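This report refers to the structure that appears directly beneath it.
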Amino acid sequence: MTLRPQLARYKDKTMTSVSFYEYSKLNAEEKAALLRRSETDISGFIEKVAPILEAVRTEGDKALARFGRELDKADVTEANLKVTAAEFDAAFKLVDASVLESVQFGIDNIRKFHEEQKPEAMWLKEIRPGAFAGDRFTPIQSVALYVPRGKGSFPSVTMMTSVPAVVAGVPNLAIVTPPAPDGSVDAATLVAARLAGVETVYKAGGAQAVAAVAYGTETVKPALKIVGPGSPWVVAAKRSLSGVIDTGLPAGPSEVMILADDTVHGGLAALDLLIEAEHGPDSSAYLVTHSGRVAEEALAALPEHWARMTEQRTAFSKTVLSGKTGGIVLTSSIEESYEFVNAYAPEHLELLSEQPFIHLGHITEASEILMGTHTPVSIANFSLGPNAVLPTSRWARTFGPLSVTDFVKRSSIGYVTAPAYPEFARHSHNLAIYEGFSSHALAVSPVRDAYLKKGA
């Protein structure tokens, strides 16, 4: 259904087409519509990616290169699907010193953060005298890192996916990213990859890249898992191949929610609202406030901010904020703002307030929570340290940000000594008999004792 905009007088003042809603005046169906994202229904994409996946599975490099030319409009062949050492070296000469410095700054902070996340290799606890149980963590043997490029170049995604994987100790890492028309890979992406510790990059994007790392080709080695955000094509391919490869957390088009109280200026809220709205027309971006003043100031400031942005990014953000997946939501109280935020479960959430910690305890459903007036999403996306690859489409209700633990697997460890064995055997035997498992029972019966007495 189409939501009906509220308080049209605000729109008239600014001469902008920004979706504006009074939350308390929406019925249940309209509130549910506000929660929808652009990729809520990807059934059409599931059908479209099917022949691409099958072609890569059966034709390998030939199909991968063909789709690179047809879909990415790039000069790629079967011979140049993998980035060479010379291309890596050349990238460092193409990147400005200031960008190189900022990439290194971000990588250093991301590494510091994720090193704190790394679990101990193993822990054991004495559950009962002589009986020990614990966990052992080992890295996943091969992981593919998807770095999108459709609406820009994203070395930051390379940083966010590569660093935790390297910290986790994954031995076989490879980046897949769409090539430029000349067949090259974004120079800053290659710089970030090498500085983070990844030296394998394939020139492939979209559904065909997901298929390549799932099935493997003559050039692309198959991986056990793929992580990283992507378009609906990538999301559909991941969903289709979830029985072939671990597709990680669901990361689709960008989302942001700015929860602003009455301690801030609405122009600041509008400034931060545009951060994720400019990613593309499939993004989602809402300013949520119970302050009419903040709402009016935000609407008044948007044209000023747009005037300072590039034409492409302005167009993207206007599409989002005037459409069905973005705008300004005016609530009747701060409690109603909390209600909407938790129902929405955003990817990025800013608590834009001079006193953000008074709001934090009321938020239960958000993947990333940025506090105060000096922590815009920009800083989190590029350099703060916490991972910016986050679950979208309300998956923040069950998933968290990409982390070191996404690149390791856990094995439980058990060790029962001879003195502790009889007590555990007795209780295990009782439950085995009750559940009707005769072999379970025999394994902790006198039959075992007899074999133990015989020895080797």
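Count begins at 1; order follows the chain as displayed.
Backbone N, Cα and C define each Cβ position, glycine as well.
The active site, proton acceptor feature in Swiss-Prot is assigned to GLU347, HIS348. Taken from Swiss-Prot, the feature Zn(2+) binding site covers HIS279, HIS440, and the record attributes it to similarity to another entry.
Cβ crowding, taken as the number of other Cβ atoms within 10 Å, peaks at HIS279 among the binding-site residues HIS279, HIS440.
Each of the active-site residues GLU347, HIS348 was scored by the number of other CB atoms within 10 Å of its CB, and the largest score is that of GLU347. The separation of HIS348 (active site, proton acceptor) from HIS279 (Zn(2+) binding site), Cα to Cα, is 13 Å. Distance from the CA of HIS440 (Zn(2+) binding site) to the CA of HIS348 (active site, proton acceptor) is 49 Å.
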